[in-house]
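As given in Swiss-Prot:
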DOMAIN    1-179  domain 'KARI N-terminal Rossmann'
BINDING   Tyr22, Gly23, Ser24, Gln25, Lys45, Ser48, Ser50, Asp80, Thr81, Ala82, Gln83, Gly131  NADP(+) binding site
ACT_SITE  His105  active site
DOMAIN    180-325  domain 'KARI C-terminal knotted'
BINDING   Asp188, Glu224, Glu228  Mg(2+) 2 binding site
BINDING   Asp188, Glu192  Mg(2+) 1 binding site
BINDING   Ser249  substrate binding site
Amino acid sequence: MFYDDDADLTIIQGRKVGVIGYGSQGHAHSLSLRDSGVQVKVGLKEGSKSRAKVSEQGLDVDTPAAVAKWADVIMLLAPDTAQADIFKNDIEPNLSDGDALFFGHGLNIHFGLIKPPAEVTVAMVAPKGPGHLVRRQFVDGKGVPCLIAVDQDPTGKGEALALSYAKAIGGTRAGVIKTTFKDETETDLFGEQAVLCGGTEELVKAGFDVMVEAGYPPEMAYFEVLHELKLIVDLMYEGGIARMNYSVSDTAEFGGYLSGPRVIDAGTKDRMREILRDIQNGDFVKKLVANVEGGNKQLEQLRKENAEHPIEVVGKRLRDLMSWVDRPITETA
């Protein structure tokens, strides 16, 4: 684990950093780099709605190509599926020997969708939290733990540069863990697919369906399997599974111990291993690329099918009753 004393902020302060993208992570990186005394410009395509916001927040903005030409450290924080085209069209033609190309996620490098020149340092600085939290912690004098990795190191100074960058966005205040592009990418994708997004979503929908099919009101099913999930996850987030079990009733704890393994059994683990293999061998990324090349048609169809599930209809109606719940733009427009 690396902390403030292990990183030299002057290294990144002596470089020119171009941040490509101004989404959740892009705005947090750009503003915190600036506040740490780093020269920074933001790269956004002409016509981007975020350009006005960048200027309002006191940052310089230009096209990705112009920023790549100006910078000697380029942090690519555009969406995964857009990065290869941005690299090919805007970044690669403007790279020079000694430049560094940074990422917030390792997918495009690990699976060979982006292949930088050998003379360019390739590294990753990945905060383990959303951008708004990264920025808020930085402003409060704290930080969010980060992962760093170096894939190409022609100068032998890649790790020091990555640590310096991590320090500039507050990461070394909390702690920085050294990893590899392979491990970060594969664990991140597996967590998303098997547990956080895919697994949890299907578990919630299955529970809802079982209750409704058994004759219970959809509203009650929604509260029991979706709404109250936040209470449980918050307890786990704060103190792990043990904290959650300590905090719930004895009835809930006992029932969970008995019934949980009936839902998630050895067969579930076998299917999880299949998901992991599909990630490791590149099958998932091939499907992801095919979807993008096909105009996102498969993704749009899957979105449509999931949006039509009864739990979404019931949930929207119930959330109208909850003044304390922040409403997404799609429900307030």
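The backbone N, Cα and C atoms fix where each Cβ goes, and this holds for glycine too.
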For Gln83 (NADP(+) binding site), which DSSP three-state class applies?
helix
Which listed residue (Ser24, Ser50, Thr81, Gln83, Ser249) has most other Cβ within 10 Å, given these are binding-site residues:
Gln83
Which number gives the other C-beta atoms within 10 angstroms of the C-beta of Tyr22 (NADP(+) binding site), all protein chains shown included?
27
What is the interatomic distance between the Cα atoms of Thr81 (NADP(+) binding site) and the residue listed as 'active site', given in whole Å?
12
Given a 10 Å Cβ-Cβ cut-off, pick out the one of the binding-site residues Asp188, Glu224 that has the most other Cβ atoms nearby.
Asp188
Given Asp188 (Mg(2+) 2 binding site) and Tyr22 (NADP(+) binding site), what distance in Å do their CA atoms have, once rounded to a whole number?
21
Three-class DSSP secondary structure - Ser24 (NADP(+) binding site):
helix
Please report the distance from the Cα of Glu228 (Mg(2+) 2 binding site) to the Cα of the residue listed as 'substrate binding site', rounded to the nearest angstrom.
14
Spatial separation of the residue listed as 'substrate binding site' from Ser50 (NADP(+) binding site) - C-alpha basis, Å:
47
Could you check which of the recorded positions (Tyr22, Lys45, His105, Glu224, Ser249) sits closest to Glu192 (Mg(2+) 1 binding site), going Cα to Cα?
His105
Cβ-Cβ neighbours of Glu192 (Mg(2+) 1 binding site) (radius 10 Å):
13
